[in-house]
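Below are the structure tokens for one structure; questions will follow.
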């Protein structure tokens, strides 16, 4: 499954590890020309599977539009920019430049990874958003957290307590076959907390994810986002990893 | 009930002589910041200080709505949380500067650090701006800017770059650097005002350069809540407007004067201490440190 490429243990390599994030088309013809010459796969902004306004009232259309068209797009552009520079630096053997570019790769690549997952783990209510998980994932949640309510409460508590910018995750430890709740800072992807961790659901708690609608009342955003949570996506990922 | 007013009145309050941190910290660690019995609680409540201008007077550069949320909700919540967390502990009754430094715990911060530092930071931030701000500095501040950055415009560029590359939440700063090493007996062997300079820094989340022993002169809040209502994702526009229309260079200049005076005083203290140490060594009786020995340990056998 293409999604597996997301969850490799090693850091994404330039060659082919970018999976569904990569696109030969890139985000503009400039990228296409230059990077095809070097065989470099650049990132592309994925489309949402629903309209910007389709997640209301949980998340406003205005936020969805800015979040996708400005924030995520900026991560994609900046990542591609850093990637091109990294490629040049590696080709030249410019080690200081290679090292210096790592933070831009991490910030922007992480931003791209995280938001790509995020759009998939949200769904309009009339398309199944908010419907609780059943079967394997449902049972696993009951086993590892006691109940769905307990899980939601835990994630919301972690999200509320997170100071600054970051993400809260429902993660699967695929080695131990256990679910856990994790938080990451800034745009650190979940794998930075453990190579065996697979993201099932992520909640963006950067202020840009909720501020225009909820202002400083982050707990309200956390409470409402569950009504558009795409448990079906989480179940699919879970089942494919557990199998 | 004691009241402590916050220290930011347009200048950096020279902090107290460095507290005996090791003593105080071990005391806190032993007691774990535990609460004193109810009857013994000192409620030294820190206050939410209002900005020195009305909430709508920074329009259109920073809206009334932003001030209402930023000052009225975010800043206010940090004051309340801080008061709640320090009540009845050893930190209760300390000045805010000290609470920030102690709770930073040399890079392993206590949970209350974010609240203490954000109270400090926001007080400082509101004082740094004013209606009709912007323009250019003059006098000693401008001289040092030109000396340390080449030109005013270069300093602005560096400040903007710091503000725009602080990834995630945080702050960008103009500070006066006159550090000593954080060791009890460290003395700068060649003290000179020329070693002191203006520096641009950035810091993540709530971190504040006083924990690194710098003297902050100017701060810009680059947490998204500071600009999202007025500028959405356009942090660059916010930073430019901040510098062009809001900064109070008078306040920055006053802070610089205080910082320079503080550095000079410390240098004098260091010099006095060094002279006293020298005198003590000269007058004390020489102690035989290395005794002759018949055994010659260095020869291999």
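Placed from the backbone N, Cα and C atoms, the Cβ positions cover glycine too.
Here's the feature list from TrEMBL:
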DOMAIN    A:45-122  domain 'Manganese/iron superoxide dismutase N-terminal'
BINDING   A:67, A:115, A:204, A:208  Mn(2+) binding site
DOMAIN    A:135-236  domain 'Manganese/iron superoxide dismutase C-terminal'
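Neighbours and distances for these, please.
Secondary structure of the domain 'Manganese/iron superoxide dismutase N-terminal' (A:45-122) per DSSP (helix as H, G, I; strand as E, B; remaining residues coil): 61 helix, 1 strand, 16 coil.
Cβ neighbours of residue A:204 (Mn(2+) binding site) (same chain, under 8 Å, six or more residues apart in sequence): A:67, A:114, A:115, A:118, A:167.
DSSP assignment over the domain 'Manganese/iron superoxide dismutase C-terminal' (A:135-236) gives 53 helix, 25 strand, 24 coil.
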Counting only other Cβ atoms and using a 10 Å cut-off, which of the binding-site residues A:67, A:115, A:208 scores lowest?
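Selected from the binding-site residues A:67, A:115, A:208 on minimum Cβ neighbours within 10 Å: A:208.
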What subset of the binding-site residues A:67, A:115, A:204, A:208 has a Cβ positioned less than 8 Å from a Cβ of chain B?
A:208
